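Q: Once you've had a glance at the structure underneath, I'll fire off some questions.
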Amino acid sequence: MLSTSVSVTSRLLYRGLGSIPAPLYDDSIIEPLGFPSNDNLHRSRNGVRVFDLLEGNGATALRCLYNMLLKECTVSKRVDQGKTVHAHVAKSLFRCEVVMNNTLLNMYAKCGSLEEARKVFDEMPQRDFVTWTTLISGYSQHGQPIDALVLFIQMLRDGFIPNEFTLSSVVKAAAAAEPRGCCGQQLHGFCLKCGYDLNVHVGSSLLDMYTRYGLMDDAQLVFDALESRNDVSWNVLIAGHARRCGTEKALELFQRMLREGFRPSHFSYSSIFGACSSTGFLEQGKWVHAYMIKSGEKLVAFAGNTLIDMYAKSGSIHDARKIFDRLAKRDVVSWNSLLTAYAQHGFGREAVCLFEEMRKAEITPNEISFLSVLTACSHSGLLDEGWHYFELMKRDGIVPKAWHYVTIVDLLGRSGDLDRALRFIREMPIEPTAAIWKALLNACRMHKNVELGAYAAEHVFELDPDDPGPHVILYNIYASGGRWNDAARVRKKMKESGVKKEPACSWVEIENAIHMFVANDERHPQREEISRKWEEIYAKIKDLGYVPDTSHVVVHVDQQEREVNLQYHSEKIALAFALLNTPPGSTIHIKKNIRVCGDCHSAIKLVSKVVEREIIVRDTNRFHHFRDGTCSCGDYW
DNA sequence: ATAGGGTTAG
């Protein structure tokens with residue numbers, strides 16, 4: 001059907017314009033072209049209608065036709081059809097024309113076929129500055145920043161003058177290139193000399209580069225100096241702060257952007273939600289979400305996916321599900337985001353259901369999907385399901401990476417089959433990583449296997465000597481086995497090697513304010529009330545059978561003092577504070593910078609029963625949902 | 001004919 005209308009067109013061209021060399025209009029040449037869409041010949045494109053082609057001379061008509069086709073291939077990224085057009089161009093009058101070759105080069109570059117693009121470039125009899133710029137931006141946009149920079153130097157050596165298009169691509173390349181060196185700053189100087197440093201495009205690239213270098217003040221200076229700003233320049237600055245966990249700054253800029261009359265796009269929203277998510281600013285994130293709804297901005301996957309993640313990471317798994325359900329179009333990342341959410345919250349069954357739903361919806365799971373469903377299985381102790389998905393993954397042709405192996409070691413470890421976990425590690429086709437040994441070490445802590453724990457710890461110390469976590473776990477393994485001499489040895493070794501335990505802290509967000517606590521916190525204005533509240537709770541949970549587990553105190557002091565220290569762990573203080581300052585019956589959210597300690601875990605379980613509240617604790621590893629005396633992690637984490 | 005910004009895991 002397509003070729004019929006094409007050949008009609010070509011005959012019209014031929015009849016009307018006799019002076020054109022015959023082979024160019026031979027139907028056998030034109031006909032094999034597969035057109036992306038029939039409409040394109042009739043629709044206005046490049047300002048040309050098919051019948052306009054009849055006016056003027058034949059060369060112009062054909063050039064327009066090739067341009068239309070190449071544009072269509074570029075936009076729809078159909079490089080195979082582009083190659084067919086290329087074959088025609090190569091036989092035509094235009095094969096030596098700079099502009100036509102630039103168009104071809106651009107088609108290949110935009111489609112990501114950089115080798116083809118390079119061939120066109122190398123074979124061009126003549127080049128202009130657009131030729132260079134097109135290939136440079138191709139490299140820059142497709143993850144080949146070094147090639148872009150090398151080509152830029154050659155461009156200058158060959159005497160071509162870069163313009164603002166060239167420079168914005170080159171600066172982007174410099175921001176992405178490793179190692180960084182100082183080529184970014186040198187380029188900034190170059191832009192300044194050319195007078196392009198204040199241009200919106202070049203300037204946005206420059207300020208993006210500075211944020212990626214971590215030089216936020218320099219980024220701000222570039223932003224302030226821009227000759228004009230648009231939504232992109234705002235978004236670049238917001239995204240820069242968001243990436244560096246500068247959530248407050250990102251939010252402040254977002255509000256300034258609104259005040260100055262710019263309309264945020266899904267770029268702005270996804271940066272903001274991402275920042276709120278990684279730093280736990282739920283209330284602020286909700287505010288921005290509400291603003292987005294009111295402004296009528298459609299919920300697209302890019303922003304929606306971060307929103308799923310934000311609600312999940314803030315502890316509101318049900319809100320995460322709501323967003324997922326409301327998304328008009330879901331991509332693989334949307335599914336992965338919700339799968340990950342279920343995994344982190346220990347909702348294993350839900351994750352398994354969702355994974356099956358995903359396959360029914362004909363979305364192909366990728367390695368992240370499998371990682372999430374495996375993590376969910378391991379966090380809920382679904383041993384058989386975990387094995388099933390591990391096998392399925394391999395059958396689907398996805399090669400398991402180290403992190404997939406971690407989940408299996410974790411799964412076997414949780415089930416208590418430590419020997420099998422060790423055998424699994426020994427038989428893996430990859431070299432075990434620190435994370436794999438850490439999973440075994442953790443299993444040894446939970447099942448109190450001192451010998452294997454020490455063995456796993458040795459491997460961890462060798463592979464990741466700077467992580468204080470494993471030292472603390474090994475200490476706890478020895479301490480809970482009553483082996484205080486060995487425990488003391490671990491402490492001594494920690495001291496000698498200079499590994500520092502990260503000071504634990506916990507925080508709660510109440511009415512837009514974040515309250516942070518460290519152990520034995522004595523600075524809070526409500527400290528006396530908090531202390532009284534904890535004493536009251538402590539008495540009640542003791543009645544329910546709570547016995548302080550002093551093996552979790554790393555300070556080597558006498559038993560009584562250990563018990564006292566334990567009662568002022570940061571998560572207990574934060575919990576007492578939250579009980580004082582939130583309405584009865586509401587869910588309490590606590591966040592913690594390291595893994596929740598075993599004693600606090602047992603205490604919080606009982607507190608959830610005593611106060612009849614749901615308590616959700618986010619630690620570095622996962623979420624714990626405490627309710628009516630139990631925890632969603634099943635006491636394994 | 002050529003330019004700059006955003007998502008999930010670890």
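Using N, Cα and C of the backbone, Cβ positions are placed for all residues, glycine too.
The repeat 'PPR' annotation in TrEMBL covers A:97-127, A:128-162, A:230-264, A:331-365, A:366-400, A:467-501. Look at TrEMBL and you will find A:545-637 tagged as domain 'DYW'.
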Q: Is the repeat 'PPR' (A:331-365) packed against any residues at least 6 beyond its ends, judged by a Cβ distance under 8 Å, and which are they?
A: 301, 304-306, 308-309, 311-313, 317, 320-321, 324, 372-373, 375-377, 379-382, 385, 389, 396, 622-625, 632-634
Q: Write out how many residues of the repeat 'PPR' (A:128-162) are helix, how many strand and how many coil, based on DSSP.
A: 26 helix, 0 strand, 9 coil
Q: For a three-state summary based on DSSP, what are the helix, strand and coil counts in the repeat 'PPR' (A:97-127)?
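A: Summed by class, the stretch gives 23 helix, 0 strand, 8 coil.
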